[in-house]
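*Asks:* Got a structure for you, questions after.
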Amino acid sequence: MSISIKTNREIELMRESGRIAAEILGMVSKKVDVGVRTKELDIIAEDMAVKYKVKPAFRGEESGKSGEPYPFVLCASVNEVIVHGLPSDYLLKDGDILGLDFGVIYEGYYSDVAATIPVGNISEEAHRLIRVTKKALNFGIKKVRPGNTIGDIGNTVQRYVESQGFGVVRDLVGHGIGKSLHEDPQVPNYGKRHKGEKLEEGMVLAIEPMVTMGSWEVSMSADGYGYETSDKSLSAHFEHTVLVSKNGCEILTRIK
(Lines of atoms letter the chains of each structure in order from A and count residues from 1; the text may use other names and numbers.)
(Lines give C-alpha, C1' and ligand atoms only; values in the text may rest on other atoms or scores of the structure.)
Protein backbone atom coordinates (compact mmCIF):
# COMPACT_ATOMS: atom_id res chain seq x y z
CA MET A 1 0.00 0.00 0.00
CA SER A 2 1.32 3.41 -0.99
CA ILE A 3 -0.27 6.34 0.85
CA SER A 4 0.32 9.74 -0.72
CA ILE A 5 1.60 12.58 1.47
CA LYS A 6 0.64 15.86 -0.17
CA THR A 7 3.06 18.75 -0.64
CA ASN A 8 2.11 22.30 0.35
CA ARG A 9 1.34 23.09 -3.29
CA GLU A 10 -0.85 20.01 -3.64
CA ILE A 11 -2.70 20.95 -0.46
CA GLU A 12 -3.42 24.42 -1.87
CA LEU A 13 -4.91 22.86 -5.00
CA MET A 14 -6.97 20.41 -2.97
CA ARG A 15 -8.29 23.24 -0.80
CA GLU A 16 -9.59 24.97 -3.91
CA SER A 17 -10.97 21.72 -5.33
CA GLY A 18 -12.79 21.07 -2.05
CA ARG A 19 -14.12 24.61 -1.79
CA ILE A 20 -15.62 24.45 -5.27
CA ALA A 21 -17.16 21.00 -4.78
CA ALA A 22 -18.75 22.10 -1.50
CA GLU A 23 -20.15 25.30 -3.02
CA ILE A 24 -21.70 23.40 -5.91
CA LEU A 25 -23.20 20.71 -3.68
CA GLY A 26 -24.57 23.41 -1.39
CA MET A 27 -26.30 25.11 -4.31
CA VAL A 28 -27.68 21.84 -5.68
CA SER A 29 -28.99 20.92 -2.22
CA LYS A 30 -31.06 24.10 -2.13
CA LYS A 31 -32.89 22.97 -5.29
CA VAL A 32 -34.12 19.74 -3.69
CA ASP A 33 -37.91 19.85 -3.34
CA VAL A 34 -41.07 17.86 -3.88
CA GLY A 35 -41.70 17.41 -7.62
CA VAL A 36 -38.09 17.92 -8.72
CA ARG A 37 -36.59 15.21 -10.93
CA THR A 38 -33.21 13.96 -9.77
CA LYS A 39 -31.94 14.35 -13.34
CA GLU A 40 -32.62 18.10 -13.05
CA LEU A 41 -30.23 18.26 -10.10
CA ASP A 42 -27.55 16.56 -12.20
CA ILE A 43 -27.97 19.20 -14.90
CA ILE A 44 -27.62 21.98 -12.32
CA ALA A 45 -24.43 20.40 -10.95
CA GLU A 46 -22.95 20.09 -14.43
CA ASP A 47 -23.83 23.69 -15.31
CA MET A 48 -22.16 24.88 -12.10
CA ALA A 49 -19.02 22.84 -12.88
CA VAL A 50 -18.83 24.59 -16.26
CA LYS A 51 -19.24 27.97 -14.53
CA TYR A 52 -16.41 27.18 -12.10
CA LYS A 53 -14.27 25.76 -14.93
CA VAL A 54 -13.74 22.41 -13.22
CA LYS A 55 -14.24 18.86 -14.39
CA PRO A 56 -16.84 16.72 -12.58
CA ALA A 57 -15.03 13.92 -10.77
CA PHE A 58 -17.46 11.03 -11.12
CA ARG A 59 -18.41 10.89 -14.78
CA GLY A 60 -16.28 8.26 -16.52
CA GLU A 61 -15.13 6.58 -13.30
CA GLU A 62 -15.38 2.80 -13.36
CA SER A 63 -18.48 1.95 -11.40
CA GLY A 64 -21.17 -0.60 -10.80
CA LYS A 65 -21.47 -4.30 -11.38
CA SER A 66 -19.70 -4.40 -14.74
CA GLY A 67 -17.18 -1.60 -14.21
CA GLU A 68 -18.85 0.59 -16.81
CA PRO A 69 -18.04 4.33 -16.76
CA TYR A 70 -20.36 6.28 -14.47
CA PRO A 71 -22.63 8.29 -16.82
CA PHE A 72 -23.54 11.32 -14.66
CA VAL A 73 -21.80 14.09 -12.70
CA LEU A 74 -23.89 13.64 -9.54
CA CYS A 75 -24.94 10.62 -7.49
CA ALA A 76 -28.58 10.92 -6.38
CA SER A 77 -29.55 8.15 -3.96
CA VAL A 78 -33.18 8.05 -2.83
CA ASN A 79 -34.39 6.40 0.40
CA GLU A 80 -32.99 2.83 0.56
CA VAL A 81 -30.26 3.57 -2.02
CA ILE A 82 -27.05 4.07 -0.04
CA VAL A 83 -24.69 5.46 -2.70
CA HIS A 84 -24.14 5.74 -6.47
CA GLY A 85 -27.81 6.24 -7.31
CA LEU A 86 -28.31 7.32 -10.92
CA PRO A 87 -30.06 10.65 -11.56
CA SER A 88 -33.28 9.93 -13.44
CA ASP A 89 -36.81 11.12 -14.22
CA TYR A 90 -37.85 10.10 -10.70
CA LEU A 91 -39.98 12.85 -9.14
CA LEU A 92 -39.01 13.50 -5.54
CA LYS A 93 -41.91 12.91 -3.18
CA ASP A 94 -42.87 14.35 0.18
CA GLY A 95 -41.16 12.20 2.83
CA ASP A 96 -38.22 11.05 0.67
CA ILE A 97 -34.63 11.48 1.75
CA LEU A 98 -32.03 12.12 -0.94
CA GLY A 99 -28.31 11.43 -0.70
CA LEU A 100 -26.29 13.74 -2.97
CA ASP A 101 -22.65 12.91 -3.68
CA PHE A 102 -20.45 15.15 -5.83
CA GLY A 103 -16.82 15.86 -6.59
CA VAL A 104 -14.65 17.90 -8.92
CA ILE A 105 -11.19 17.83 -10.44
CA TYR A 106 -9.31 21.12 -10.12
CA GLU A 107 -5.85 21.36 -11.67
CA GLY A 108 -5.63 17.56 -11.55
CA TYR A 109 -6.75 17.17 -7.91
CA TYR A 110 -9.96 15.55 -6.75
CA SER A 111 -12.45 16.41 -4.02
CA ASP A 112 -15.46 14.43 -2.79
CA VAL A 113 -18.40 15.58 -0.64
CA ALA A 114 -21.86 14.22 0.20
CA ALA A 115 -24.96 15.10 2.20
CA THR A 116 -28.42 13.66 2.75
CA ILE A 117 -31.30 16.08 2.24
CA PRO A 118 -34.90 15.78 3.50
CA VAL A 119 -37.62 16.21 0.87
CA GLY A 120 -40.68 18.03 2.19
CA ASN A 121 -41.97 16.65 5.48
CA ILE A 122 -40.10 13.54 6.55
CA SER A 123 -40.71 11.25 9.51
CA GLU A 124 -39.08 11.94 12.87
CA GLU A 125 -37.16 8.67 12.56
CA ALA A 126 -35.81 9.75 9.15
CA HIS A 127 -34.77 13.08 10.69
CA ARG A 128 -33.00 11.15 13.44
CA LEU A 129 -31.21 8.94 10.90
CA ILE A 130 -29.90 12.04 9.12
CA ARG A 131 -28.83 13.72 12.38
CA VAL A 132 -27.03 10.61 13.62
CA THR A 133 -25.20 10.11 10.31
CA LYS A 134 -24.04 13.73 10.21
CA LYS A 135 -22.93 13.53 13.84
CA ALA A 136 -21.09 10.27 13.12
CA LEU A 137 -19.10 12.04 10.40
CA ASN A 138 -18.20 14.85 12.80
CA PHE A 139 -17.14 12.38 15.50
CA GLY A 140 -15.00 10.49 12.98
CA ILE A 141 -13.35 13.70 11.79
CA LYS A 142 -12.41 14.58 15.38
CA LYS A 143 -10.22 11.45 15.40
CA VAL A 144 -8.20 12.71 12.42
CA ARG A 145 -4.81 13.81 13.72
CA PRO A 146 -1.21 12.65 13.31
CA GLY A 147 -0.50 9.51 15.33
CA ASN A 148 -4.08 8.24 15.37
CA THR A 149 -5.08 5.35 13.12
CA ILE A 150 -7.69 4.54 10.49
CA GLY A 151 -9.20 2.18 13.06
CA ASP A 152 -9.69 5.06 15.50
CA ILE A 153 -11.93 6.78 12.94
CA GLY A 154 -13.99 3.70 12.10
CA ASN A 155 -14.34 2.59 15.71
CA THR A 156 -15.65 6.00 16.75
CA VAL A 157 -18.20 6.08 13.92
CA GLN A 158 -19.36 2.52 14.56
CA ARG A 159 -19.74 2.86 18.32
CA TYR A 160 -21.78 6.05 18.06
CA VAL A 161 -24.06 4.84 15.25
CA GLU A 162 -24.77 1.48 16.86
CA SER A 163 -25.41 3.15 20.23
CA GLN A 164 -28.23 5.03 18.48
CA GLY A 165 -29.80 1.81 17.18
CA PHE A 166 -28.75 2.17 13.55
CA GLY A 167 -26.57 0.01 11.27
CA VAL A 168 -23.14 0.85 9.82
CA VAL A 169 -22.53 -0.28 6.24
CA ARG A 170 -19.41 -2.45 6.07
CA ASP A 171 -19.13 -3.27 2.36
CA LEU A 172 -18.63 0.36 1.28
CA VAL A 173 -15.89 2.55 2.74
CA GLY A 174 -14.17 5.92 2.63
CA HIS A 175 -10.80 6.37 0.97
CA GLY A 176 -7.70 8.39 0.37
CA ILE A 177 -7.99 11.04 -2.33
CA GLY A 178 -5.67 13.26 -4.36
CA LYS A 179 -4.62 12.84 -7.99
CA SER A 180 -7.17 10.01 -8.15
CA LEU A 181 -10.67 9.83 -6.74
CA HIS A 182 -9.92 6.63 -4.85
CA GLU A 183 -6.46 6.26 -3.32
CA ASP A 184 -5.05 4.30 -0.39
CA PRO A 185 -5.91 3.89 2.40
CA GLN A 186 -9.44 2.55 2.67
CA VAL A 187 -11.34 4.22 5.52
CA PRO A 188 -14.02 1.85 6.90
CA ASN A 189 -16.78 3.10 9.17
CA TYR A 190 -16.11 0.29 11.63
CA GLY A 191 -13.03 -1.20 13.24
CA LYS A 192 -10.83 -1.39 16.29
CA ARG A 193 -8.99 1.43 18.04
CA HIS A 194 -5.24 1.73 17.36
CA LYS A 195 -5.50 -0.63 14.36
CA GLY A 196 -4.83 0.10 10.70
CA GLU A 197 -2.62 2.68 9.04
CA LYS A 198 -1.21 5.46 11.20
CA LEU A 199 -2.27 8.96 10.16
CA GLU A 200 0.47 11.37 9.08
CA GLU A 201 0.47 15.08 8.37
CA GLY A 202 -0.26 15.67 4.68
CA MET A 203 -2.60 12.72 4.15
CA VAL A 204 -5.98 13.57 2.63
CA LEU A 205 -8.97 11.32 3.33
CA ALA A 206 -12.58 11.13 2.21
CA ILE A 207 -14.50 10.09 5.32
CA GLU A 208 -18.08 9.00 4.61
CA PRO A 209 -20.34 7.25 7.10
CA MET A 210 -23.17 5.29 5.44
CA VAL A 211 -25.84 4.49 7.99
CA THR A 212 -29.00 2.39 7.74
CA MET A 213 -32.23 2.30 9.69
CA GLY A 214 -32.16 -1.51 9.57
CA SER A 215 -29.60 -4.11 8.49
CA TRP A 216 -26.11 -2.99 7.44
CA GLU A 217 -26.11 -5.50 4.56
CA VAL A 218 -26.19 -4.15 1.00
CA SER A 219 -27.35 -5.28 -2.44
CA MET A 220 -26.71 -4.00 -5.95
CA SER A 221 -29.56 -1.88 -7.31
CA ALA A 222 -31.39 -3.04 -10.43
CA ASP A 223 -29.60 -0.37 -12.51
CA GLY A 224 -26.24 -2.06 -11.84
CA TYR A 225 -24.68 1.10 -10.37
CA GLY A 226 -26.30 1.91 -7.04
CA TYR A 227 -26.02 0.04 -3.77
CA GLU A 228 -29.08 -0.24 -1.55
CA THR A 229 -29.99 -1.72 1.80
CA SER A 230 -30.83 -5.41 1.47
CA ASP A 231 -33.89 -4.99 3.71
CA LYS A 232 -35.01 -1.79 1.88
CA SER A 233 -34.63 0.30 5.04
CA LEU A 234 -33.77 3.99 4.76
CA SER A 235 -30.11 4.98 4.47
CA ALA A 236 -28.21 8.25 4.96
CA HIS A 237 -24.73 9.32 3.82
CA PHE A 238 -22.50 12.28 4.65
CA GLU A 239 -18.93 12.86 3.47
CA HIS A 240 -16.08 15.35 3.74
CA THR A 241 -12.62 15.51 2.22
CA VAL A 242 -10.27 16.06 5.17
CA LEU A 243 -6.58 17.00 5.43
CA VAL A 244 -4.46 15.59 8.25
CA SER A 245 -2.78 18.75 9.55
CA LYS A 246 0.04 19.31 12.04
CA ASN A 247 -2.19 19.51 15.12
CA GLY A 248 -5.40 17.84 13.92
CA CYS A 249 -7.29 18.17 10.68
CA GLU A 250 -8.82 20.60 8.21
CA ILE A 251 -12.12 20.00 6.44
CA LEU A 252 -11.62 20.90 2.77
CA THR A 253 -15.27 20.54 1.72
CA ARG A 254 -17.15 22.52 4.36
CA ILE A 255 -20.59 23.44 3.00
CA LYS A 256 -21.55 27.01 3.92
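Using N, Cα and C of the backbone, Cβ positions are placed for all residues, glycine too.
What TrEMBL says about a protein is an automatic prediction, not a curated fact.
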*Asks:* D101, D112 bind divalent metal cation 1 in TrEMBL, but which of E239, E250 does that record place at the same site?
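*Replies:* Of E239, E250, E239 joins D101, D112 in the divalent metal cation 1 site that TrEMBL records.
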*Asks:* Given that TrEMBL assigns D112, H175, E239 to the divalent metal cation 2 site, pick the one from E200, E201, E208 that the record assigns to that site as well.
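*Replies:* It is E208, as the record lists it for that site.
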*Asks:* Across all protein chains in the structure, which of the binding-site residues H84, H175, H182 has the highest Cβ count within 10 Å?
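*Replies:* Of the binding-site residues H84, H175, H182, the most buried by Cβ count within 10 Å is H84.
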*Asks:* State the three-class DSSP label for D101 (divalent metal cation 1 binding site), counting H, G and I as helix, E and B as strand, and everything else as coil.
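*Replies:* Strand, per DSSP.
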*Asks:* Cβ within 8 angstroms of the Cβ centroid of D112, H175, E208, E239: which residues besides those meet this for the divalent metal cation 2 site?
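*Replies:* Output for this site, in sequence order: D101, V113, A114, G174, I177, V187, A206, I207, H240, T241.
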*Asks:* Calculate the per-residue pLDDT averaged over the domain 'Peptidase M24' (12-245) and state the result as an integer.
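*Replies:* That region's mean pLDDT is 98.
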